[in-house]
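Report on the structure given below.
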């Protein structure tokens with residue numbers, strides 16, 4: 001039973017080897033609090049997640065499960081706020097309210113990042129809380145949560161922009177709320193100034209590729225599921241899912257213009273919350289590629305809520321049939337993801353190296369992408385990058401945590417040995433006699 005749970009369900013994500021971004025999170029959290037602020041600014045990453053992870057590690061340790069469980073806690077709190085929005089904003093009642101929660105728990109984007117030691121699960125929570133407090137007029141909580149969100153991920157700024165647009169176009173409280181938004185901006189400006197002072201962002205190379213024309217057609221399902229090109233095993237299911245979402249959106253627009261959807265303000269809010277971040281990032285990508293599925297996780301709850309709102313207004317037959325189709329497609333996507341979306345097994349390979357090495361030996365990685373993971377699984381002071389020029393290492397690989405003395409160009413003299421790890425996780429053992 002346990003083997004099934006940890007191999008055929010999303011629980012398997014909890015015990016897989018860390019990948020480089022998660023290892024970076026761990027190493028950043030190990031730094032002093034003052035260093036976290038400085039290094040985060042140099043890495044163009046807000047500091048809140050690293051600070052929270054630091055305190056989490058103090059309490060629960062630094063195993064893979066411990067590191068990832070913080071995100072899992074955020075995920076379950078997010079589910080609570082999603083439920084509150086269903087109940088108190090969309091006014092969903094009865095068994096349907098519980099049925100719709102399945103779309104949240106089965107959603108492949110949300111539960112994948114619930115098991116990853118990065119900031120995305122926290123970002124979802126803060127996004128949901130921010131919208132909930134805005135709509136329910138809990139303005140002190142709205143300001144506090146939104147500011148924390150800005151210090152968690154820069155894409156939270158898109159959420160504030162969407163909320164400002166919603167207030168400007170629809171909400172009668174616009175003067176008062178714009179004052180609150182101004183307060184948020186004032187709280188965030190010191191960090192922006194600090195980051196700009198230490199970085200030349202415009203000229204930095206970046207690793208995100210341009211979005212393909214094929215992916216443009218799949219934007220609804222990308223926002224819903226987190227699908228990325230290269231996930232070949234998901235191609236069929238994501239195409240079918242995309243058609244279902246398009247059918248929902250088309251039906252929703254028809255119902256909106258027919259006046260069937262009475263809660264027009266919420267419909268428009270969910271529509272712009274669900275899609276405007278994608279359109280803005282596509283526009284910005286003309287200058288610098290920033291369109292990435294996981295960055296747009298801020299839109300995933302909105303899209304689910306929008307589909308639910310539309311489903312509530314369909315006639316009885318279509319309501320049951322379309323929801324059943326969406327639920328099955330969501331489940332199929334998640335099941336395939338749990339089966340095939342496997343991280344490289346650094347833990348197994350580096351454990352083999354540890355068994356063969358002694359205290360005089362070193363681990364050399366030939367790719368800077370493997371450096372942080374190697375430091376997590378091996379003794380940190382014996383991990384080096386082999387055969388690279390420090391100036392050639394791009395900043396986006398977490399260079400702020402790669403010191404200049406971590407570069408080696410020569411093999412050690414016997415009796416010391418170098419275990420040379422390649423990107424495909426094969427390795428050689430070398431020494432100079």
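Even glycines carry a Cβ here, placed using N, Cα and C.
Where the annotation comes from TrEMBL, it is an automatic prediction and has not been curated.
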The annotated transmembrane segment range in TrEMBL, which must be one of 34-50, 85-101, 102-118, 119-135: 119-135
TrEMBL annotation of transmembrane segment - which of the ranges 317-336, 337-356, 357-376 it falls on: 317-336
Recorded stretch that, among 119-135, 142-165, 240-259, has the most CB pairs under 8 Å to the transmembrane segment (55-83): 119-135
Cβ contacts under 8 Å made by the transmembrane segment (177-196) with residues that lie 6+ beyond its boundaries: 37, 41, 44, 46, 134, 139, 142-143, 146-147, 150-151, 160, 163-164, 167-168, 171
Distant-in-sequence neighbours of the transmembrane segment (142-165), which means Cβ under 8 A and at least six residues beyond its ends: 46-49, 119-120, 122-123, 126-127, 129-131, 133-134, 177-178, 180-181, 183-184, 187-188, 191, 269, 272-273, 276-277, 280-281, 295-296, 298
Close approaches to the transmembrane segment (119-135) from elsewhere in its chain (Cβ under 8 angstroms; 6 or more beyond its ends): 46, 48-49, 52, 71-72, 74-75, 77-78, 81-82, 84-85, 89, 110, 113, 141-142, 145-146, 148-149, 152-153, 155-156, 159, 163, 177, 266, 273, 294, 297-298, 300-301
